[in-house]
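Participant: Below are the structure tokens for one structure; questions will follow.
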């Protein structure tokens, strides 16, 4: 390992400690990224509520009796379509930006790249919440803020994966990166809990507090210049890499479609079907992410032991399909059933997603056909995650269009996507 991998202030005799320190820091950084993405899913059930179940304040005049408690413009009959548009503003910008982010991630020092992205993400997250205090009711404002936030959040993933992806051999990479990747679910859980504190009283703070957190979590010395691993190989190896990247990119597209539909719509689904209030629905939805943590670790561990990344993903995706069907039909029968089904579905849905975005991306990004260019891991990661993010954009959009016809149709879409994800992984 080249000593240039470590910053001058870190003693070379403590290389393992430095790597552990960097793992911890990048875990915190990406936790804050996801923490700032989650509030919109919690706040949806507050922006549009069933006003007939609430007591109207006597001093409230000049407001429609059926929508007096809603926040315009989400007080209209097409509120689900508007929610889908806001979600997609973030996700489409994220998907487009991700393809370019990997190129910048190869050339810009990680510390400055992450710092800029986190500061801007904090700004735009706060601006969404300030719409509450500034009494803004324009869909274009919220869509624009979300689009800009999606764009700047692409600074995170290629950079942190490129930082640590070369440090572990394939024999233990799945397990270690599966544990590390739990930052996604931890961020979702924290974002849900923080947003839930304010959602019923002042929903703007549900965005402002996470925005302040990500803006204040600034990287210090995360000077990663991963070691070189491989030597130049022939064109047939490059062809193998190309098909591997395409295969897992398409698999991630469908896997992310399912995962991000849950990310953005699960609290609203729980609120509508189980009749929980917004805070209770948000708290209950965190169980899906708790299951996701377990699923990511198990997927990584099994794939390390079997050597089959694709087969591990496919088995989990196939089992997820009937579990999603059962959750939709019996998941709300009792509290115990709801908890159990959310944990199981979270593990099966997020396990393959976590495996592809971490260990699989690292395997392909350090492939011998890349001629020893370890920085190419950032580009490979961006291609895979960028393609997956197309699915992340499609899922919430389709949910917004389909949900007015019934939640059963939304779950049919999710089950179909799971099966397609498995089919394209072989």
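Glycine is no exception: its Cβ is also placed from the backbone N, Cα and C atoms.
Quick paste of what TrEMBL says about this protein:
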type: TRANSMEM; residues: 17-35; note: transmembrane segment
type: DOMAIN; residues: 25-426; note: domain 'Major facilitator superfamily (MFS) profile'
type: TRANSMEM; residues: 82-104; note: transmembrane segment
type: TRANSMEM; residues: 110-134; note: transmembrane segment
type: TRANSMEM; residues: 141-169; note: transmembrane segment
type: TRANSMEM; residues: 189-209; note: transmembrane segment
type: TRANSMEM; residues: 240-266; note: transmembrane segment
type: TRANSMEM; residues: 310-327; note: transmembrane segment
type: TRANSMEM; residues: 333-355; note: transmembrane segment
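Have a look at these and tell me how they're positioned relative to everything else.
Facilitator: Note on the transmembrane segment (82-104): residues 37, 40, 44, 47-48, 73-74, 76, 113, 139, 142-144, 146-155, 157-159, 260, 264, 268, 378-383, 385-386, 389-390, 392-393, 396-401 of its chain, located 6 or more positions outside it, place their CB under 8 angstroms from a CB of the stretch.
Note on the transmembrane segment (110-134): residues 29, 32-33, 36, 39-40, 71, 104, 141-142, 145-146, 148-149, 152-156, 159-160, 162-163, 202-208, 210-224 of its chain, located 6 or more positions outside it, place their CB under 8 angstroms from a CB of the stretch.
Below 8 angstroms of C-beta separation, residues 174, 178, 181, 184-185, 251-252, 255-256, 258-259, 262, 270, 274, 284-285, 287-292, 294-296, 298-300, 303, 309, 312-314, 316-317, 319-320, 323-324, 326-327, 388, 418, 421 of the same chain, each at least six residues beyond the ends of the transmembrane segment (333-355), sit close to that stretch.
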Participant: When the pLDDT values for the domain 'Major facilitator superfamily (MFS) profile' (25-426) are averaged, what is the result?
Facilitator: 84
